Amino acid sequence: MKPIQVGLLGIGTVGSGTFNVLRRNQEEIRRRAGRGIEIHSVFARSIERARKVVGDDVKVVTDANEIISNPEIDIVIELIGGYEIAKTLVMQAIAAGKHVVTANKALLAVHGTEIFAAAREKGVMVAFEAAVAGGIPIIKALREGLTANRIEWIAGIINGTTNFILSEMRAKGLDFAVVLKEAQRLGYAEADPTFDIEGVDAAHKVAIVSAIAFGVPVQFEKAYVEGITKLQAADISYAEQLGYRLKLLGITRRRDTGIELRVHPTLVPSKRLIANVEGAMNAVLVHADAVGTSLYYGKGAGSEPTASAVVADLVDVTRLHTADPHHRVPHLAFQHDSLATTPILPIEEVVTSFYLRLQVADQAGVLARITGILAEKGISIDALLQRPQDADEGQSKTDVIIMTHETVEGRMNEAIALMQALPTVLAPIVRIRKEELN
Ligand SMILES: NC(=O)c1ccc[n+]([C@@H]2O[C@H](COP(=O)([O-])OP(=O)(O)OC[C@H]3O[C@@H](n4cnc5c(N)ncnc54)[C@H](O)[C@@H]3O)[C@@H](O)[C@H]2O)c1
Ligand SMILES: N[C@@H](CCO)C(=O)O
Ligand code: NA
């Protein structure tokens, strides 16, 4: 059979990896897919730069329309990134009856509902394994491998840049700003690292994963998002002494009243495998009723690790592109007419346990007042640690660290407001959520 023809939009880090992996492994890929997969044309801004990757045999165009309206092309890969151009081109490709493969989590998190609806209407596939945790086949696992299960929760390290920064902060005892500079120098963090460090990239990914796990629409706009920019080395060190590691987790969990969807720095018991995922690596923990807890670990970014997922999607699409659309795997794992309207819970209704650090005056009765407020709010204390600080202008200060049992966030907010108002609490209270993940 004649090779299936692919148009590639964007040939940067992931685009060039995709081209190279496809070419290097073409024979293996052909044996798996049942026919060859060939890059027909590449859309790039600079023909010269694209030629450096693809050589002279592949057509390079500077007008995307030459790909989208070409009847010889069956599949379009979008690897430009961002919202506007990517969305226009993906919607045009779908309208032209082409299957789409994309690594663009930002696009799917924000416009997924519209894109999937358009694809369904046209009977084409939109495949996006590379969009979440790069090369780790987590979309495949959730959509296909775990379909027997009722999924209870998912917690993942799904942003490599922030995991690298947190690993460095812990290993070297440095504060956030210092490590960010180092990460940028080493090329881990982008020149504008906002989406990574503010948790937005992880929220894009967890919104996609949540939809597939629970059979609800992608609802990034309802996610609670908190990044790592305000974290201090002192809290990483105190948490370590109490047996916890700090990770930026994307978490989604089924509750009786709705679905939790959140990204924030999270303390995890040091003995958990996921707590020991270091550097830029990713890991996703899935808890489901039949299989129990399973962990998916690997490279969440990089040219060829991400291309691994893009090419796997190409193989899937090649195998299924002549199949009746009803026989394909639904975009969000559940049949589209079976998606649920379960609400996403506001953060005030989320249930977690907490780490609190209070800088207090070292006086009689201070601790009693603090624990009194927690008791009044029905919040139970799990562990308590007191560390003296240097005396400052004659006043003796101390750090009090409190680990609580689970409580609803709204109640913790009330307790923190009351504690913060005490004259003996000398600095803003640090609060970090904690998850046992068992
Ligand atoms: N880099 C990774 O490790 C990684 C991992 C997972 C997902 N992704 C996603 O993959 C996508 C691509 O990321 P990347 O790292 O390869 O980015 P990149 O910046 O290296 O590549 C993007 C390419 O698109 C081209 N481009 C931008 N605007 C264009 C336009 N208007 N017309 C034509 N070409 C244009 C750029 O010139 C560049 O070659 C993004 O959606 C990203 O979020 C990347
Ligand atoms: N910026 C992302 C790239 C992969 O999506 C990360 O750091 O993980
Ligand atoms: Na993936």
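Glycine residues also receive a Cβ, built from the backbone N, Cα and C atoms like all the rest.
These come from TrEMBL:
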- LEU9, GLY10, ILE11, GLY12, THR13, VAL14, GLY15, SER16: NADP(+) binding site (BINDING)
- LYS105: NADPH binding site (BINDING)
- GLU190: L-homoserine binding site (BINDING)
- LYS205: active site, proton donor (ACT_SITE)
- 355-433: domain 'ACT' (DOMAIN)
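Shown on the structure are the features that TrEMBL records.
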residue : record                    : DSSP (3 states)
LEU9    : NADP(+) binding site      : strand
VAL14   : NADP(+) binding site      : helix
GLU190  : L-homoserine binding site : coil
LYS205  : active site, proton donor : helix
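Averaged over the domain 'ACT' (355-433), the predicted model has a pLDDT of 93. Using a 10 Å radius centred on the Cβ of ILE11 (NADP(+) binding site) and all shown protein chains, the other Cβ atoms total 28. Closeness to ligand 1 is met by none of the recorded positions SER16, GLU190, LYS205, no Cβ falling under 6 Å from the molecule.
In the domain 'ACT' (355-433), helix, strand and coil residues by DSSP number 23 helix, 32 strand, 24 coil. Looking at THR13, SER16, the binding-site residues in this record, the fewest other C-beta atoms within 10 angstroms of the C-beta turn up around THR13. Of the recorded residues, THR13 (NADP(+) binding site) and GLU190 (L-homoserine binding site) place their C-alpha atoms 13 Å from one another. With respect to their backbone Cα atoms, ILE11 (NADP(+) binding site) and LYS205 (active site, proton donor) stand 22 Å from each other. Around the Cβ of LEU9 (NADP(+) binding site), the number of neighbouring Cβ atoms within 10 Å comes to 25.
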